[in-house]
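Structure, as structure tokens:
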Amino acid sequence: MAEQPWDLRRVLDEIKDDPKNYHETDVEVDPNAELSGVYRYIGAGGTVQRPTQEGPAMMFNNVKGFPDTRVLTGLMASRRRVGKMFHHDYQTLGQYLNEAVSNPVAPETVAEADAPAHDVVYKATDEGFDIRKLVAAPTNTPQDAGPYITVGVVFGSSMDKSKSDVTIHRMVLEDKDKLGIYIMPGGRHIGAFAEEYEKANKPMPITINIGLDPAITIGATFEPPTTPFGYNELGVAGAIRNQAVQLVDGVTVDEKAIARSEYTLEGYIMPNERIQEDINTHTGKAMPEFPGYDGDANPALQVIKVTAVTHRKNAIMQSVIGPSEEHVSMAGIPTEASILQLVNRAIPGKVTNVYNPPAGGGKLMTIMQIHKDNEADEGIQRQAALLAFSAFKELKTVILVDEDVDIFDMNDVIWTMNTRFQADQDLMVLSGMRNHPLDPSERPQYDPKSIRFRGMSSKLVIDGTVPFDMKDQFERAQFMKVADWEKYLK
């Protein structure tokens, strides 16, 4: 018998009986700000303003205005849960994904009869078609520009179909058949394809796939140079599952869709057409972004003309709170893999592990664990930090620690800054570098002298490693190891 294909429902079946990882509620919730407001207290975490915490994924079964739709949020809002869903140690997920990138399993196309994503089909030509009534996209806060698709995997291809790619973008529902999509300039392959179509003044066919195996979602967030132009990140998910991701031909567009997605929106990125992101609200805000602040509404988003909405029977709408721990998992773990790949190529064996903690939203900060064999390795840790900035341009802060420090425990990491760090010796500041435009401190008015354009930044390296010739003076207190210590709690 063939193995059951991986999809969101198979993953949920594996975790649904664990109350630490999954909870359902039948209490009615309004998708307009209330749903995200509720989950903020239960399990959002990340850079969300306190009070918040790490908690279970939540399935909301009674969504106001959408009687036939369930909404899932927080599925990846725990690194331990991601490890459980990937059947792998959460502490070495970066290494695991690095191996997956190097050994991709290409997706395969199946017949429509084998694609549950096409169980139910609505076309834009149908009477009364309105994506705002078909797709239960939540609004994160009352200030949002509108309902957002926050974890939709966009599938697109080059004009000659020789290359295809998947990426995740924020997309706001603007009208009955219109989405605004933010494609950050530079680095995104979907953006390169869209530019190609726009120069030819042709609409670009795409599909937006929602409600997926988290292996697909997390794999889709890899960026260059780890996944170069022409690398389809669905191969990463295939490697994680040792099973090809299944695709199906679109119903109304000449493009592939993910065959086991809960929802698929088909349509076209329209050439030379733009829309004001907050055209329906005029709040000046988009939605909460990973640094923990509301993003500014973009005055000129690219436009997606929707031609169809398809979904599974009893479909699950999946959503992510922008600054939550879920984003940390989605962006941070692939970034760890990217850093490990580049650093190990240049200085093999010297960086034992990497962690992008919630404080940086998965993008802005990394903690690197360093191994020194002898005095010739002194200084190699700072070269590793510089390589990390090369691997991921949006990285802002690197903290270097020794192997006796738990990089997943921020108290242990901060301890190194208090006992293994002198600011006048162990601090590196790198000015005038490129970073992420969503960091509000990277605006010219913050520092007109050094920040000429938005998205420029000074980067920081904190070297909390012990000088090799002083290792014996920094040995931590060694307590007795007691194998059966847990019996004292019974």
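Cβ atoms here come from the backbone N, Cα and C positions, even for glycine.
If you look up Swiss-Prot, you'll see Asp165, Glu233 marked as Mn(2+) binding site, on the strength of similarity to another entry. What Swiss-Prot records for Ile168, His169, Arg170, Gly187 is prenylated FMN binding site. Look at Swiss-Prot and you will find Glu289 tagged as active site, proton acceptor.
Annotated features taken from Swiss-Prot, shown on the structure.
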{"residue": "Asp165", "record": "Mn(2+) binding site", "DSSP class": "strand"}
{"residue": "Arg170", "record": "prenylated FMN binding site", "DSSP class": "coil"}
{"residue": "Glu233", "record": "Mn(2+) binding site", "DSSP class": "coil"}
{"residue": "Glu289", "record": "active site, proton acceptor", "DSSP class": "coil"}
Around the Cβ of Ile168 (prenylated FMN binding site), the count of other Cβ atoms that are within 10 Å: 22
Spatial neighbours of the residue listed as 'active site, proton acceptor' among the binding-site residues Asp165, His169, Glu233 [C-alpha, 10 Å]: none
Per-residue Cβ crowding (10 Å cut-off), top of recorded positions Asp165, Glu233, Glu289: Glu233
Rounded Cα-Cα span from Ile168 (prenylated FMN binding site) to Glu233 (Mn(2+) binding site), Å: 11
Same-chain residues at least 6 apart in sequence whose Cβ lies under 8 Å from Arg170 (prenylated FMN binding site): Tyr148, Ile149, Thr150, Ile181, Tyr182, Ala286, Met287, Gly295, Gly322
Neighbourhood of His169 (prenylated FMN binding site), C-beta criterion under 8 angstroms, separation at least six: Gly152, Val154, Ile181, Tyr182, Ile183, Arg188, Ile190
